[in-house]
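Record features, source Swiss-Prot:
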type: BINDING; residues: Arg69, Glu111, Tyr124, Gln192, Pro193, Trp194, Pro195, Phe196, Pro197, Gln198, Ser199, Ala241; note: substrate binding site
type: BINDING; residues: Cys98, Cys101, Cys116, Cys119; note: Zn(2+) binding site
type: DOMAIN; residues: 125-248; note: domain 'Nudix hydrolase'
type: BINDING; residues: Ala158, Glu178, Glu219; note: divalent metal cation 1 binding site
type: MOTIF; residues: 159-180; note: motif 'Nudix box'
type: BINDING; residues: Glu174; note: divalent metal cation 2 binding site
type: BINDING; residues: Glu174, Glu178, Glu219; note: divalent metal cation 3 binding site
Amino acid sequence: MDRIIEKLESGWWIVSHEQKLWLPYGELPHGLAANFDLVGQRALRIGEWQGEPVWLVLQHRRHDMGSVRQVIDQDAGLFQLAGRGVQLAEFYRSHKFCGYCGHPMHPSKTEWAMLCSHCRERYYPQIAPCIIVAIRREDSILLAQHVRHRNGVHTVLAGFVEVGETLEQAVAREVMEESGIKVKNLRYITSQPWPFPQSLMTAFMAEYDSGEIVIDPKELLEANWYRYDDLPLLPPPGTVARRLIEDTVAMCRAEYD
């Protein structure tokens with residue numbers, strides 16, 4: 001699936017190493033390979049954007065290596081491809097040797113996988129499913145400040161799905177563990193690939209059922225009900241959390257304005 005980049009090769013360039021992304025001038029490189037000193041490097045075509053190929057190059061650059069978060073405010077499709085590139089680069093870096101027999105592995109030519117020629121084991125990129133849920137109580141939404149986000153941002157509750165658990169069970173468990181309340185009338189809304197490091201966010205809306213807020217201090221700094229027209233600092237646009245909050249606000253406005 002990979003090829004040597006030629007002089008006239010053009011497109012979008014995802015140059016990644018150790019979960020970092022090369023962002024000269026703060027943007028994804030776009031244009032001729034020669035303009036970015038990429039001629040002769042090996043590249044994988046991982047998709048297409050606006051009619052042009054998107055290439056992944058497994059390489060570290062001395063300068064301008066940043067986080068894929070820096071392109072989150074670009075088009076959702078381009079952010080998704082950048083996230084795919086970073087995750088694939090990390091997958092190839094972390095699967096050089098077979099976890100069963102210890103022998104070297106090589107990339108598949110037909111799919112995103114690493115193959116062991118010794119024991120025939122096949123490895124795929126790991127994806128960690130997560131739930132994220134907006135909880136509404138009349139004209140208010142439950143928002144929390146997470147321990148890992150000490151920047152004043154308040155967001156909806158989220159967490160990883162555990163082994164042997166349905167998405168619905170994960171929502172009920174995470175909400176109870178983090179906030180002490182029960183929810184009802186759960187509705188699936190959308191999903192979003194989230195490459196931090198390798199999650200798939202499954203987004204829901206739910207209604208408050210019962211209980212008083214009792215936070216898990218290992219997860220949350222605080223949590224509270226906020227009226228739809230008096231909200232704290234929110235996650236940035238482009239995140240599924242922001243969409244859930246905005247959709248909840250729109251529903252409240254339709255009923256209470």
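The count begins at 1 with the first shown residue.
Including glycine, each Cβ sits where the backbone N, Cα and C put it.
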**OP:** Check each residue in the chain of Cys101 (Zn(2+) binding site) that is at least six apart in sequence and keep those whose C-beta is under 8 Å from its C-beta; list them in sequence order.
**Re:** Cys116, His118, Cys119, Glu121
**OP:** Let me know the DSSP-derived helix, strand or coil state of Glu219 (divalent metal cation 1 binding site), please.
**Re:** coil
Original post:
Between the binding-site residues Cys98, Cys116, Cys119, Ala158, where is the Cβ count within 10 Å the lowest?
Top reply: Cys119
Original post:
If you draw a 10 Å sphere around the Cβ of Pro197 (substrate binding site), how many other Cβ atoms fall inside it, taking every protein chain shown into account?
Top reply: 13
Original post:
What does DSSP assign Pro195 (substrate binding site), in three states?
Top reply: coil
**OP:** Pull the DSSP breakdown for the domain 'Nudix hydrolase' (125-248) and write it out as helix, strand, coil residue counts.
**Re:** 22 helix, 55 strand, 47 coil
Subject >> Neighbours of Glu174, Glu178, Glu219 excl. site residues, C-beta within 8 Å of centre, divalent metal cation 3 >> reply: Leu157, Ala158, Gly159, Val175, Glu177, Ser179, Asp216, Leu220
